[in-house]
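Enquirer: Reproduced below are the annotations present in Swiss-Prot:
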DISULFID  CYS3-CYS22  disulfide bond
DISULFID  CYS15-CYS40  disulfide bond
DISULFID  CYS44-CYS55  disulfide bond
DISULFID  CYS56-CYS61  disulfide bond
Amino acid sequence: LKCHNTQLPFIYKTCPEGKNLCFKATLKKFPLKIPIKRGCADNCPKNSALLKYVCCSTDKCN
């Protein structure tokens, strides 16, 4: 699986074994949905008071 791991959409990395999801975190209260954090995960992180996480399982989907 290949996931973006920076705010720039053309930079990505291959996820290590066992990390089979890509995630993207955005600020909940900010009108523009600019990714704050992206990367690989073994399960989808939980939303927090400030961040909303979206997960997916195909190459470069985040």
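Counting begins at 1 with the first residue displayed.
Quick reminder: no glycine exception, Cβ is built from N, Cα and C everywhere.
Are these features on the surface or tucked inside, and what touches them?
Expert: Taken residue by residue with DSSP, CYS3 (disulfide bond) is part of a strand. Long-range C-beta contacts of CYS3 (disulfide bond), restricted to its own chain and to partners at least six residues apart, with a cutoff below 8 Å, comprise TYR12, LYS13, CYS15, CYS22, PHE23, ARG38, GLY39, CYS40, ASP59, LYS60, CYS61, ASN62.
According to its DSSP assignment, CYS40 (disulfide bond) is in a strand.
Close to CYS55 (disulfide bond) in the fold, though at least 6 residues off in sequence, lie LEU21, CYS22, PHE23, LYS24, ALA41, CYS44, PRO45, ASN62, each with a CB less than 8 Å from its CB.
Neighbour density for CYS61 (disulfide bond): within 10 A of its CB lie 16 other CB atoms from the protein chains shown.
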Enquirer: Quiz question: given the disulfide-bonded residues CYS15, CYS22, CYS40, CYS44, CYS56, which has the greatest number of C-beta atoms lying within 10 angstroms of its own C-beta?
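Expert: Comparing the disulfide-bonded residues CYS15, CYS22, CYS40, CYS44, CYS56, the most crowded Cβ belongs to CYS22.
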Enquirer: Going by DSSP, is CYS22 (disulfide bond) part of a helix, a strand, or coil?
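Expert: Looking at the DSSP assignment, CYS22 (disulfide bond) belongs to a strand.
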